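The next block holds one structure in the form of structure tokens; read it before the comments.
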Amino acid sequence: VVCLVAYHIFFMLFVWSYWKTIFTLPMNPSKEFHLSYSDKESLEREPRGESQQEVLRRAAKDLPIYTRTMSGAIRYCDRCHLVKPDRCHHCSVCDKCILKMDHHCPWVNNCVGFSNYKFFLLFLAYSLLYCLFIAATDLQYFIKFWTNGLPDTQAKFHIMFLFFAAAMFSVSLSSLFGYHCWLVSKNKSTLEVFRAPIFRHRTDKNGFSLGFSKNLRQVFGDEKKYWLLPVFSSLGDGCSFPTCLVNQDPEQASTPGGLNSTSKNESLLFPAKPLRDSQSHLLTDTQSWSDISAKAEKGKIGMSNPALTMENET
């Protein structure tokens, strides 16, 4: 009875999380990141150069973006005609820009991103537990198979196959689940492991990491009662993310007082541009974050980046 109850609990959680991973639609950037009709016309009409740079700078001026392409350009998708939010990438299979895209998974026939990454993690966890439970309960009969302790029927070959299948899936799932647990602890995606995010000042592979506790809460949320259930509880909107060491970007909007928070040879612990309300509380731990004083610097506001060039990124 205990084995039957445990089996059905694992099975239901496995199917539930698998269903949510498959049928949860990936989230796309909101309308504010799409170029206006006039900006699209200007971008298509003007030749590549400073004029196109100015169009993209104007479109991204009030957007919470801090990452750039390898050449220092604002990340722009010429297929979706939008300025890419941080950690957003264009999926060639779905032909859409996916928020916080991790990868396109053929096993679930869906993109794994901001909207279903928690479901994907739970799917890996419960499928691993499911396979381990089957292998553990089948082990005694598997041993009897080799010691001739089972009746001589065709059912004993089913027992052998079941044990081998559960054990092999357990090995592969454990490695994949362990890898994604490491990604969560570092607040990285699979794409960011292969290509570290590039900020205006430099490349930083740990630019989005806020520490283990905050990284975990960003995926699973603040309510611990929902952590083990495949219900959406991730923090934020997928378009903006708190960072740990981004210097003030002169192309971004100024602070509420109209002044850019900047200091010579000093790094900001998080972007001066206000974060979304649902994310800002991740940075309220006074023991983890320093207070940065705002200083006015003439000539900084509105300064353009001469190295900025347009680059289409897929």
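Numbers here mean position along the shown chain, with the first residue as 1.
Glycine is no exception: its Cβ is also placed from the backbone N, Cα and C atoms.
Keep in mind the model is a prediction, meaning the values are calculated, not measured.
Sequence annotations record features per position, and here TrEMBL assigns domain 'Palmitoyltransferase DHHC' to 74-193. Among the features that TrEMBL reports, transmembrane segment is placed at 6-25, 119-137, 157-179.
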Intrachain residues whose Cβ lies under 8 Å of the transmembrane segment (119-137), provided they are six or more past its termini: 3, 6-7, 10-11, 13-14, 17-18, 20-21, 24, 102, 105, 108, 112, 162-163, 166-167, 169-170, 173-174, 176-177, 180-181, 184, 219, 228-230, 232
Long-range Cβ neighbours of the transmembrane segment (6-25) (under 8 Å; 6 or more residues past either end): 105, 108-110, 112, 115-116, 119-120, 122-123, 125-127, 129-130, 133-134, 137, 228, 230, 232
Helix, strand and coil counts within the domain 'Palmitoyltransferase DHHC' (74-193) (DSSP): 66 helix, 18 strand, 36 coil
Mean of pLDDT values spanning the domain 'Palmitoyltransferase DHHC' (74-193): 92
